[in-house]
Amino acid sequence: MSNAELLLVSKTASQRSLARCPHLHIGLLGGIERILTVDLSTDEEDGTHHASESKDDQSSSSNSSSSLEEEFSSIVNIPDAAFIQAARRKRELARTQEDYISLDVKHTSTISVMRKNSDEDPESEPDDHEKRIPFTPKPTTLRQKMAEETATRNEETSEESQEDENQDIWEQQQMRKAVKITEGRDIDLSHNSESQTMKKFDTSISFPPVNLEIIKKQLNTRLTLLQDTHRSHLREYEKYVQDVKSSKSTIHNLENSSNQTLNFKFYKSMKIYVENLIDCLNEKIINIQEIESSMHALLLKQAMILMKRRQDELKHQSTYLQQLSRKAETSTNGDLAIDEKTQWILEEIESRRARRRQARTLSGNCDHQEGTSSDDELSSADMTDFQKSQGDILQDHKKIFEDVHDDFCNIQNILLKFQQWREKFPDSYYEAFIGLCIPKLLNPLIRVQLIDWNPLKFDSIGIKQMPWFTSIEEFMDSSMEDSKKENRSDKKILSAVINKTIIPRLIDFVEFIWDPLSTSQTTSLITHCRTILEEQSTFENEVSKGKKDLFKSIVSRMKKAIDDDVFIPLYPESAVENKTSPQSKFQERQFWSGLKLFHNILLWNGLLPDDTLQELGLRKLLNRYLIIALLNAIPGPDVVTKCNQIAAYLPEKWFEDSTMRTSIPQLENFIQFLLQSALKLSRSEFRDEVKEIILILVKIRAFNQAESFIEEYHLDHLKSIIKEV
């Protein structure tokens, strides 16, 4: 039956009921409208599968409903409020007297409850349409019908499933009786009493065999996965913690940092200062190089004058003595013709020697050997020219920075600027590698202070007393006191300055100005070199390239001096027998000059390697020149004195080993000469000099040779000398 038909039937029945019970027409009208509303909404929710059928029904029902409403409006008269109130009182009175019969027995309890509620709260009495009594069973909707059918089917299904379960229980009970239980385990096939449901045993499913190893392997795999996950979580956690710390540190630094404007001003002012300093030094470096070159040229000119004079004098003396020897051999009675230049040179040499003898006499130095003096006196004219030129250079030297502010030419002020940077902003200072830039920046200023520095002068100021040295030391000391930031670049500033500025200056003096025959120059140079290299080794353990270059130049200059300046002539015995003869005096002078060079070379002991000194002093000079001159000399006290002096110049460090019985190989020729001289002296009137020779052998650790000589020539009285040692 369609909705329209249901509506029509319902309205017809309502009209009839209203005709019989006019006092209920209001409540029924409201109930009908509510039922219709529910039915229509229910039909709409049932889906669209009735859409095609319901379109026509709806159109027809709408027409019929409109006609029915017109009938209702024409037949039914709606009462007023007074009538409704009177009807309500009459109904309550009837309920109180229970003079009516309920149409629906099932609603008695509801009516009684409503009655109680009405007694308790008369004001909350609902209207008649809210407490309406259904007279006919409510028509079921399509959804309700489907629900009833579904419930019926579920009941049937449940009954069937109950029968199936009972059947399964019976089958399992029979199987429990028939099947034997294996491996000591009871198979519980009973159903759970709580659930009262049993799953069916599916024989088609086969499970793999399970043992303890498989379970253990699976557990280990699972544990490994969990551990990996845990480790990854720990790494993430540590990363997050580190990020938090870094963020907090950044926040703290930003909070505690000074005003960024002040920082910017400082960096900007420092940048401008450095740029101006570099521009100033770039402008002045040309003047510095010119003055430095002028001073170097002046000192080189003086050194070349002295060297050339010595070589010319040596040449002229040798020529004159050779002519004199030839004249003596030919026994000519005529005078020897000498040119004016040679005559002037000989007179000049003799006048300088006379002045030196007079000076030594006044000073009380009577123990002096001819030929050991430096002979570096300049003439008055040369000395005047030298002093005037040197004064002009020093005047120009003072004018270099006379138009420059102290902040740009004073090393202490410059280092103070960088020290302020290091104290205020150490991170940016060390990140900029200022410690590596300072030596190069200070190089022109240090070279200016070194213009009048001459390491070959014994009275020259040492580098430790120079202003730049003390300023750099103070700057480095303040850097070492800074415990917050340890950086090696500042600690190497002095070493870098010595390497890049001082050592090249020393090399220039060694190669071009130093005279190895001058003991005063050699002693002063060694003193400065020791100071410089000790300061360098304090901050640098490695042997620097500058140090190697310095040693190389020293060795090269000494080799050149041995080849060019050592000359010991050999004359016939008849010419040298007379100690007052010119040949004898010249030979003695040249021998002592060579021995002085031997001494100056061995003074480098402790700076140069021992093998280098032994090569230069012993093999090249002693064995090649001095021993030959000694072999040509007449045995006597003079020879012993020379041998004693040679042994005195040998470094004691070479003979410190108490187990030595034989001296170093380079002294073998010298030892043989000593033994020959001792033999000659033992047969002459100078027997007492043999003891001196034995003492020399003992000093140079030639014990085996000395003992053999004593035993061979039965000098038993000299055995005590060896035993005492």
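Yeah, the Cβs are placed from backbone N, Cα and C, and that goes for glycine too.
These numbers come from a predicted model, not from an experiment.
Taken straight from TrEMBL:
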{"type": "REGION", "residues": "43-68", "note": "region 'Disordered'"}
{"type": "COMPBIAS", "residues": "47-58", "note": "compositional bias 'Basic and acidic residues'"}
{"type": "REGION", "residues": "112-169", "note": "region 'Disordered'"}
{"type": "COMPBIAS", "residues": "145-156", "note": "compositional bias 'Basic and acidic residues'"}
{"type": "COMPBIAS", "residues": "157-168", "note": "compositional bias 'Acidic residues'"}
{"type": "REGION", "residues": "360-382", "note": "region 'Disordered'"}
{"type": "DOMAIN", "residues": "412-626", "note": "domain 'GCF C-terminal'"}
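In the predicted model, the domain 'GCF C-terminal' (412-626) has a mean pLDDT of 88. With a threshold of 8 Å between CB atoms, the same-chain residues lying at least 6 positions outside the region 'Disordered' (360-382) that come near it are 302, 305-306, 310, 352-353, 515, 517-521, 585, 588-593, 595-596. Across the region 'Disordered' (360-382), DSSP helix (H, G, I), strand (E, B) and coil residues number 7 helix, 0 strand, 16 coil.
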